[in-house]
Amino acid sequence: MSFTLAIVGRPNVGKSTLFNRLVGKRLALVDDRPGVTRDRREGDARLGDLAFRIVDTAGLEEADADSLEGRMRAQTETAIGDADALLFLIDARVGLTPTDRAFASLARRSGKPTILVANKSEGRGGEAGAMEAYELGLGAPVPLSAEHGEGLSDLYDAICEALPAQTAPQEEDEETEEAEANPNRPIKVAVIGRPNAGKSTLINRLLGEDRLLTGPEAGITRDSISVEVTWNGRALEVFDTAGLRKRARIEDKLEKLSAADALRAMKFAEVVVVLMDATKPFEEQDLRIADLVVREGRALVLGYNKSDLVGPAAFSRLREEADHWLPQVKGVPIVPLSGLTGRGLDKLVEAIAATYAVWNTRIPTNPLNRYLQEATDSHPPPAVSGRRVKIRYMTQPKARPPSFVLFCSRPEALPESYLRYITNGLREAFSLPGVPIRLTLREKGNPYADKDK
């Protein structure tokens, strides 16, 4: 469900930088000066799986201090009136000012859900300002760096909390319907992994050019900029994530890929390629990143880069290790490749397309419940406290990833081992290798129990 957010706050707190980051284009000047523009800027924004309209109240930045109760307020109230929720920005390095407090008063009186954002929180310089923001009475501030892209996952959570109805997953996933209506649209792909695994080399080989290594200019989001490429007739939208920064920034700031970087990259992708160095596969960080992909519900492909440096025996061991360490995506595709020479890229794109198709799988209710009947007949659920749990039926409300609802008499009594049995059976019966499978339990009573009472 679409919604509108308005970015409000005093001048120079980073509203335009955040606007550019969420929109993914330089639609707003980052260092606005009075007179540059007097119009509110609007754009279509995306954060993870959230798509929404964003309004940058640029008119606020052109107002003089003595017009705070006049023209500034009129611009603010127009933006607030059109918005479903507000992103109220302060500068964490400066702390609160009288202007901040005046805008906070407007936000409170509006009655609109307000997300307090302590921008410029990178480093220790913003800690005091972020703590001071509690005085505004707008709840806990979200520490953020719009310039560096830090804290976007926390902002995502805050938006979902402020607008639960608009951000809740729909029974019929709108994104799934869009994909089914246009099966030829590009697959959204992010390539992530440890430093020196060869991400930049691989992506530039895939794109056929090196231009992204010079990076987007400061202020334009690195998380949502994307480039479309066609490889052997298959359209891909490759996202410019943390691995595509300037060489200097890679050396200075990306000495290791943090969980936050991986999470931000995933939220803009449908298929995530976790790239591993064949000479040092499945280190702890590889597993942590792959686990994040699975928990986010994205389709996963493992890229075995620099595979020309090891023998075939090492690849066989990798298959065993993948199924051992990542049982929740058993059968995940593993592609040996070389980003340097381009060997294996055809297989990689084929694996991306195949995993994407599995990720979009929908299973009709009849075969789904035939499987359930066979599974429960051959291995009934265990009795708990002398009472057996009654498994009634199963449905699939959504795909991307395949998600199922199991109706039973006592959901809390079903052990995890039995849920794994059902999930593994689904994977095998309906050919769902390498993608997360989500299984939700719901209680379903006997509809005729009270019929004669």
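For all residues, glycine too, the Cβ spot is worked out from N, Cα and C.
Straight from Swiss-Prot, the features:
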DOMAIN    3-167  domain 'EngA-type G 1'
BINDING   9-16, 56-60, 119-122  GTP 1 binding site
DOMAIN    187-360  domain 'EngA-type G 2'
BINDING   193-200, 240-244, 305-308  GTP 2 binding site
DOMAIN    361-445  domain 'KH-like'
Task: Rounded to the nearest Å - Cα separation of Lys15 (GTP 1 binding site) and Ser307 (GTP 2 binding site) - done: 45
TODO: May I ask which residues of the same chain, at least 6 positions away in sequence, place their Cβ under 8 angstroms from the Cβ of Ser121 (GTP 1 binding site)?
DONE: Ala92, Glu127, Gly129, Ala130, Pro143, Leu144, Ser145, Glu150, Gly151
- [ ] Tally the residues of the domain 'KH-like' (361-445) by DSSP class, grouping H, G and I as helix, E and B as strand, and everything else as coil.
- [x] 31 helix, 24 strand, 30 coil
TODO: Pop the Cα-Cα gap between Ser307 (GTP 2 binding site) and Gly9 (GTP 1 binding site) into the table, whole Å please.
DONE: 51
TODO: Please report how many Å separate the Cα atom of Asn12 (GTP 1 binding site) from that of Ser307 (GTP 2 binding site), as a whole number.
DONE: 49
- [ ] List the Cα distance (Å, whole number) between Lys199 (GTP 2 binding site) and Thr57 (GTP 1 binding site).
- [x] 38
Task: Spatial separation of Thr57 (GTP 1 binding site) from Gly193 (GTP 2 binding site) - C-alpha basis, Å - done: 37
Open item on the list: In the three-state scheme derived from DSSP, which category covers Lys199 (GTP 2 binding site)?
Closed with: helix
Task: Mean of the pLDDT scores, which run from 0 to 100, over the domain 'EngA-type G 2' (187-360) - done: 74
